[in-house]
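Here the structure is laid out as structure tokens; the discussion comes afterwards.
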Amino acid sequence: MASRLLLLALLAVACCSAIASDPGLLQDFCVADKMSKVNVNGFACKDAENVTVEDFVFSGLHIAGNTTNKQGSAVTAANVAQIPGLNTMGISMVRIDYAPKGLNPPHIHPRATEILTVLEGSLYVGFVTSIPGSRLISKVLRKGDVFVFPKALVHFQFNYGTENAVAIAALSSQNPGVITVANAVFGSDPLISDDIVSKAFQVDKKTVDWIQAQFN
């Protein structure tokens with residue numbers, strides 16, 4: 001009886017692991033065939049005979065992103081869209097540049113945990129736990145410090161300093177996705193009804209209209 005329970009427990013763990021990450025590899029690689037009409041969870045595999053070294057290379061993370069925008073930050077991604085060889089690998093990277101007072105605004109990655117390290121400058125970072133609680137877990141990071149943002153939790157980074165900051169992050173998905181909270185709530189297409197947003201945020205409709213105008 002005990003052995004059967006142990007077997008069931010192991011199967012449950014295996015099943016949970018199987019559905020908690022990107023599709024797993026069953027061969028050396030599965031380079032994304034972005035021209036394929038096959039609809040799968042990810043990308044279909046390119047014929048191995050047509051794979052080249054360029055499918056596994058991306059150049060650009062040494063180049064600073066353009067931070068002349070409202071948020072004062074720029075994200076340079078290196079995921080399956082830029083590196084076809086990442087297909088089914090379950091990992092990707094980003095470079096994030098921050099101007100002084102620059103913000104990577106509150107957002108989530110629906111498909112990935114993120115681990116971030118500061119290369120230059122310092123950052124105030126944090127994430128918010130789920131309900132009940134909604135606890136803010138935050139810290140000031142300096143050069144060389146590492147911080148983990150759990151999968152699908154709202155998180156942010158802010159350069160409170162007077163110098164530029166740079167960070168590199170790895171994510172546990174070939175295509176982690178990103179949902180910026182403010183854009184999703186106030187800049188959806190079509191817009192979420194004023195009645196819904198004003199009630200959710202406990203503000204009047206004129207305030208909602210003004211905020212929505214900033215995103216449209």
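Including glycine, each Cβ sits where the backbone N, Cα and C put it.
What TrEMBL annotates here:
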type	residues	note
BINDING	Asn104, His109, Glu114	oxalate binding site
BINDING	His107, His109, Glu114, His155	Mn(2+) binding site
DISULFID	Cys30-Cys45	disulfide bond
DOMAIN	59-209	domain 'Cupin type-1'
SIGNAL	1-20	signal peptide
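Here His109 (oxalate binding site) is compared against the recorded positions Cys30, Cys45, His155, and the shortest C-alpha distance is to His155. The Cβ of Cys30 (disulfide bond) lies under 8 Å from the Cβ of Phe43, Cys45, Asn87, Thr88, each on the same chain and at least six residues away in sequence.
Report note: the oxalate site is defined by Asn104, His109, Glu114, and the residues of the same chain whose CB lies within 8 Å of the CB centroid of those residues, excluding them, are Val94, His107, Ile108, Ala112, Leu116, Phe149, His155, Ala169, Leu171, Pro176, Val178. Recorded residues His107 (Mn(2+) binding site) and Glu114 (oxalate binding site) have their alpha carbons 12 Å apart, per Cα-Cα distance. Same-chain residues that are not part of His107, His109, Glu114, His155 yet have a Cβ within 8 Å of the Cβ center of the Mn(2+) site turn out to be Ile108, Ala112, Phe127, Phe149, Leu153, Val154, Pro176, Val178.
When other Cβ atoms within 10 Å of the Cβ of His155 (Mn(2+) binding site) are tallied across all protein chains shown, the result is 22. Cα of His155 (Mn(2+) binding site) to Cα of Asn104 (oxalate binding site): a distance of 9 Å.
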